[in-house]
Amino acid sequence: MERIVVTLGERSYPITIASGLFNEPASFLPLKSGEQVMLVTNETLAPLYLDKVRGVLEQAGVNVDSVILPDGEQYKSLAVLDTVFTALLQKPHGRDTTLVALGGGVVGDLTGFAAASYQRGVRFIQVPTTLLSQVDSSVGGKTAVNHPLGKNMIGAFYQPASVVVDLDCLKTLPPRELASGLAEVIKYGIILDGAFFNWLEENLDALLRLDGPAMAYCIRRCCELKAEVVAADERETGLRALLNLGHTFGHAIEAEMGYGNWLHGEAVAAGMVMAARTSERLGQFSSAETQRIITLLTRAGLPVNGPREMSAQAYLPHMLRDKKVLAGEMRLILPLAIGKSEVRSGVSHELVLNAIADCQSA
């Protein structure tokens, strides 16, 4: 069992990583006997895990209600958020309730925002079931829903009480979802840890076959990196922005193509190549390093070009609505070397458009 602490003073919390955690009531601390829980999951995961998690919580004396949401990025919306509020109010659940997010990034982000908003804030626990959510979205307290004009535009910073990562969940993950998660894994190597990127080049095949020790190390390292960044910059005023490598381009793809048509990790993968091409055009990143990124993403089964039906010009309106925009100016996360990156302002739209075009004609 691995345990990492996200250090935020009184709001610090543990990330527990192991197999078989759904069999242990102690995994779900700080829940105690007699407490009330609303378990939030989706229609795909409910048949796999709902009864198991409900059973282990009830074994610990916890009172459990549940709400099952439709599955898909297109349902990360205000309308679906309202169904969670309705379920909480119908019982009713008070300010002493705990929300448990059992699912991937959509369930985790939406449940976290529900917890941040319901009666001005109730406790919640993240139980991520996808690789993407285990290595990234469940850690750090970013909660949100989408708007038709932009991804994650309505949300809050709100930290969980704990994160429970059961490695056994990956056994039921479709290959496309596994690849999507690997995009965020590869991102950490590009922006922060060149040695980890080297390790990924050597061990990607083991991750694709869900080798236990390799996957446990991979998730632990990603969570360590994320925890360090969040502890240093919880509200994304500086360092934490680096975690958005590929996301400015990727969110544009998701919004333009319709949420759910491109998985988040797929869009981020293409976006990371666009960021690398942008950095190349600025003369601060080598084509050889871009090729290393492309090769690793391709081996993971991820796209390295944008959608053919999306023109370079179609990216700009979405990118100019990005949350990192300041005074109307785009701020891009760009690699400087494998393992090192920067937040860059003042890049001309023409250069960005040419970099995007590089990734359409490649």
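For all residues, glycine too, the Cβ spot is worked out from N, Cα and C.
Here is what Swiss-Prot records for this protein:
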type    : residues                                         : note
BINDING : 71-76, 105-109, 129-130, Lys142, Lys151, 169-172 : NAD(+) binding site
BINDING : Glu184, His247, His264                           : Zn(2+) binding site
Select one residue from His247, His264: among these binding-site residues, choose the one with the most other Cβ atoms within 10 Å of its Cβ. His264
Length of the line joining the Cα atoms of Gln74 (NAD(+) binding site) and His247 (Zn(2+) binding site), in Å: 18
Select the closest residue to His264 (Zn(2+) binding site) from the following binding-site residues, measuring between CA atoms: Asp71, Gly105, Gly108, Thr130, Thr172. Gly105
Rounded to a whole number of Å, the separation of the Cα atoms of Gly108 (NAD(+) binding site) and Glu184 (Zn(2+) binding site) comes to 16
So Cys169 (NAD(+) binding site), by the Cβ count within 10 Å over all chains shown, scores 24
Apart from the site residues Glu184, His247, His264, the 8 Å Cβ neighbourhood of the Zn(2+) centroid comprises Leu132, Asp136, Ser137, Ala183, Lys187, Gly246, Gly250, Gly265, Ala267, Val268
In whole Å, note down how far the CA of Glu184 (Zn(2+) binding site) lies from the CA of Thr172 (NAD(+) binding site). 19
Count the Cβ atoms, other than its own, that fall within 10 Å of the Cβ of Thr130 (NAD(+) binding site), considering every protein chain shown. 29
Which one is closest to His247 (Zn(2+) binding site) in space, judged by CA to CA distance, out of the binding-site residues Asp71, Gly105, Thr130, Cys169? Gly105
Looking only at Asp71, Glu184, the binding-site residues on record, which one has the least crowded Cβ, with the fewest other Cβ atoms within 10 Å? Asp71
For Gly105, Gly108, listed as binding-site residues, tell me which one has the smallest number of other Cβ atoms within 10 Å. Gly105
Cα-Cα, whole number of Å: Cys169 (NAD(+) binding site) versus Glu184 (Zn(2+) binding site)? 18
